[in-house]
């Protein structure tokens, strides 16, 4: 494996014989670059990113990083387990978002092991950080296979009961950043999505039929982002969770860029996926030298449901502790056609 200094941090390059290359950093366990050949054989970087670690430390958009211990939102940061009330810090109005002040995206992860095509990062979270009531040991592994799959596996152990929900917050743009993602085509295998309120907190599972949220067949994002749909208008795009039909390591979501043939198929063992269309991307200068704008990238965040710890029928499924470790597997299969 090639590794190089990157300011105060380090970059590690995963490669395969197909010419694909994925560069990850110990800062945030971040995916910095992801190179794949388009249908004409041109190597294309399909993720948003910055040139310097300082820009990653300054951004508020979690670009490319692992987020947690609780990815997505917990309303008012409050929840209850076994009759005990807990409160996490707030960093998005009334919400605890992406782990709050734990800031896994701003921290140096240790490298546990690595090879030419794989790396394992690890980090500790101390009890009391952001209000989390446990000491956590978190591992994230990335493995690039010879058939163009990035296998991502998360594991976490805790010494007290605690909600855990880790995910990857890479922003994909299959054009290499030359245009926005509105012409990308997306498919999600889900009959229901979670309708959200003005705080982006889910309040019910809603059938996707006859709504802009029906992504069961490939559709161009441009059409849906312009839809006269209250849920789309609420957040100026998609920042919603779909309740996946798939079980086990099923094919949850697909993205395709017709202009250069690059595609991605997402397999996961999670119950849900959050599609975020970069509606609030900050105007920060990316590695291309251009300022980021809304819809410049999309995130495919495999995870538990947002605020699941406050859903009586599902809360227990997202609580972990000494007798129950957290595991989560997602596979990103990519290429061009």
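Here the Cβ of each residue, glycine as well, is placed from N, Cα and C on the backbone.
DSSP classifies residue 169 (active site, proton donor) as coil under the three-state reduction. Residues or ranges marked as active site, proton donor in TrEMBL: 169.
In the three-state DSSP scheme, residue 301 (active site, proton acceptor) falls into the strand class. Other C-beta atoms found within 10 angstroms of the C-beta of residue 301 (active site, proton acceptor) number 24, with every protein chain shown included. What TrEMBL records for 301 is active site, proton acceptor.
Annotation comment: TrEMBL describes 72, 73, 169, 170, 171, 239 as beta-D-galactose binding site. Spatially close to residue 170 (beta-D-galactose binding site) yet at least six residues away along the chain are 31, 34, 47, 48, 63, 64, 299, judged by Cβ distances under 8 angstroms.
Taking every pair among 72, 73, 169, 170, 171, 239, the residues recorded as binding beta-D-galactose, the greatest CA to CA distance is 19 Å. Its Cβ placed at the centre, residue 239 (beta-D-galactose binding site) has 22 other Cβ atoms within 10 Å. When the Cα of residue 301 (active site, proton acceptor) is compared against those of the recorded positions 72, 169, 239, the shortest separation belongs to 169.
When other Cβ atoms within 10 Å of the Cβ of residue 171 (beta-D-galactose binding site) are tallied across all protein chains shown, the result is 25. Residue pair residue 239 (beta-D-galactose binding site) / residue 169 (active site, proton donor) shows a Cα separation of 13 Å.
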